[in-house]
């Protein structure tokens with residue numbers, strides 16, 4: 001059945017922010033506290049007497065029905081991907097503005113969180129063949145990165161040997177403390193910052209200092225490191241002799257090393273990213289002329305607002321409708337089911353997988369046992385071959401077991417190897433706690449929530465991480481041995497690791513909690529132990545007490561996977577400038593791989609030995625050696641997305657908040673025939689409700705192959721014993737110069753015994769016998785009637 005219909009507009013949903021962090025409240029002259037709201041305005045309603053929308057919004061005519069009300073002071077005025085403004089006002093004023101005849105929607109600002117030498121080759125890129133050479137390494141494509149800014153002096157942002165900036169570029173370089181306008185060049189073609197929403201929420205003093213001494217810059221300069229890392233992962237220039245203090249040595253380069261970078265600083269160190277600033281970043285990036293937008297930002301835990309209340313979805317729609325490809329991170333709340341975020345179907349939602357490189361460490365116990373872990377520690381090795389082993393959680397309670405600040409008794413840990421449980425605080429922060437308490441080393445142990453998933457960290461003392469099983473063995477030894485001892489050795493960099501890829505334990509998973517008819521994530525990309533450029537403002541741990549400075553850093557997260565997809569999209573845009581964002585996403589999805597470098601099924605790091613499913617990796621792992629020539633693509637545009645939103649029960653005036661254009665939906669009596677599953681998406685997700693069920697969906701494939709004519713034959717591969725049958729009609733698609741598009745229907749049928757079964761998955765593959773295998777995942781889920 002259709003999703004519940006939204007309540008009638010224009011009302012709006014000032015209650016959305018039950019989901020958000022509390023805003024810092026400021027009082028107006030009457031003593032009523034203020035919050036920041038984003039207002040969607042019918043831009044066509046502007047009286048002609050006002051030269052701009054900004055003049056209109058700040059006029060007495062717009063401000064209020066009360067003559068005593070002060071004029072509005074917008075934080076941002078939006079006019080490209082969104083029409084309206086944001087302003088900090090009391091709730092009563094917001095309610096008054098909500099009733100303004102030109103205001104279509106209003107919602108509170110909220111905080112979002114920030115969610116390489118080898119990874120391009122692991123995705124199938126080769127220096128002299130294939131997509132890199134045929135796209136000229138992404139030359140002249142402009143990648144906009146919404147993040148924490150950029151450190152412009154890094155070699156990865158050098159413009160050496162690059163041609164002039166494309167003449168179509170309309171962007172600029174915002175000067176500010178530590179960031180003169182000359183910081184931009186032919187590589188870093190633009191840099192802007194957006195602090196108004198952040199300042200309204202936290203207070204101006206918390207945003208920035210003039211020289212970075214307070215940990216931030218009121219300029220595009222990156223004090224955090226995250227933005228520099230993601231920007232150079234997507235499009236970093238070639239940098240020789242790169243490493244992170246000796247780890248991952250080699251030649252660092254982005255996925256699209258000749259593409260240009262435009263940095264939009266919408267996130268601030270330690271404080272996240274405000275929706276109002278994110279929306280301003282989208283608005284400016286599209287107006288400036290970017291081709292690709294990379295957004296490693298999102299909500300958490302799969303908590304997703306409807307698209308018409310989600311500024312990332314709204315901003316991305318405005319970008320995609322203008323031909324800009326948008327990639328977003330899936331989130332780091334895996335392996336929990338239904339944890340994926342950024343689920344709008346016009347986005348590319350990217351999960352994280354491993355690559356074939358690792359940084360092993362080994363713990364040797366006093367009884368001779370050896371436990372395997374990982375670490376990026378690069379300082380002096382342990383002086384003694386064996387040290388006393390101590391687990392604070394045995395007697396000190398939960399905070400001590402987690403090595404939280406001020407939780408460890410120095411007299412108990414001095415000179416020892418300290419065991420800390422993972423969770424509640426940053427992994428590297430636990431090491432700082434141990435070091436300050438006098439501990440000699442640390443072992444970080446996973447619990448059930450993290451399983452066997454491991455990532456390397458540049459610890460401030462000798463330390464390594466181990467999985468749940470090794471951690472349980474270590475703690476049992478510490479509890480039962482009369483004089484437990486241990487030491488740690490560090491193995492450097494190892495390449496050729498098998499199996500790879502594996503879905504990262506932390507990578508957020510489906511099903512899609514908002515619209516289960518759209519499978520998310522779309523695919524996975526390298527997101528574990530990724531090397532890229534780093535800020536000069538902080539050490540590799542990002543901790544205040546870390547005095548080290550490195551040109552490169554190694555990080556893990558779907559934040560690292562997202563720019564791999566952004567860089568891949570830049571290459572495809574360069575090679576196929578006429579392709580739409582949907583066609584580019586389709587090429588990445590239908591050519592993605594579902595086998596690892598051993599030839600077996602891609603596995604799940606959280607459960608070693610278990611094969612991952614489309615809920616874990618979507619269509620699979622990006623394989624750029626194939627995406628250049630996918631054979632067929634599934635295209636979609638504005639009409640398709642509007643029909644999709646109608647089909648899931650959104651009212652036309654709610655849809656208009658997303659599209660900023662008037663829309664109409666079929667009458668309710670006919671809308672029931674449509675389903676979110678009918679969107680022309682490269683994956684197929686069918687939701688069945690009740691007993692005997694059958695569902696038919698339609699897809700239209702477009703031939704983009706080099707041959708004038710082609711014939712494709714369908715085959716279906718479903719999990720054995722599922723009881724689900726899938727038929728495809730017609731079973732052959734014949735393309736010719738006069739018929740480049742062909743439609744087909746897929747019918748999924750399940751017996752009544754499956755009414756409460758676990759999800760079933762498989763694949764539909766169209767093959768032309770000439771090397772094109774166009775693969776679409778099929779997922780079937782059951783929901784009981786409401």
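Please read every residue number as a count from 1 along the shown chain.
Glycine too: its Cβ is placed from the backbone N, Cα and C atoms.
Copied over from TrEMBL:
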- 147: active site, charge relay system (ACT_SITE)
- 226: active site, charge relay system (ACT_SITE)
- 559: active site, charge relay system (ACT_SITE)
- 36-115: domain 'Inhibitor I9' (DOMAIN)
- 138-619: domain 'Peptidase S8/S53' (DOMAIN)
- 388-474: domain 'PA' (DOMAIN)
- 678-780: domain 'Subtilisin-like protease fibronectin type-III' (DOMAIN)
- 1-27: signal peptide (SIGNAL)
Counts of helix, strand and coil residues, the domain 'Inhibitor I9' (36-115), according to DSSP: 20 helix, 26 strand, 34 coil
Other C-beta atoms that fall within 10 angstroms of the C-beta of residue 147 (active site, charge relay system): 30
For residue 559 (active site, charge relay system), nearby residues of its own chain (Cβ under 8 Å, 6 or more apart in sequence): 114, 115, 226, 229, 230, 296, 329, 332, 527
Across the domain 'Inhibitor I9' (36-115), average pLDDT on the 0 to 100 scale: 88
Protein Cβ atoms within 10 Å of residue 226 (active site, charge relay system), excluding its own: 25
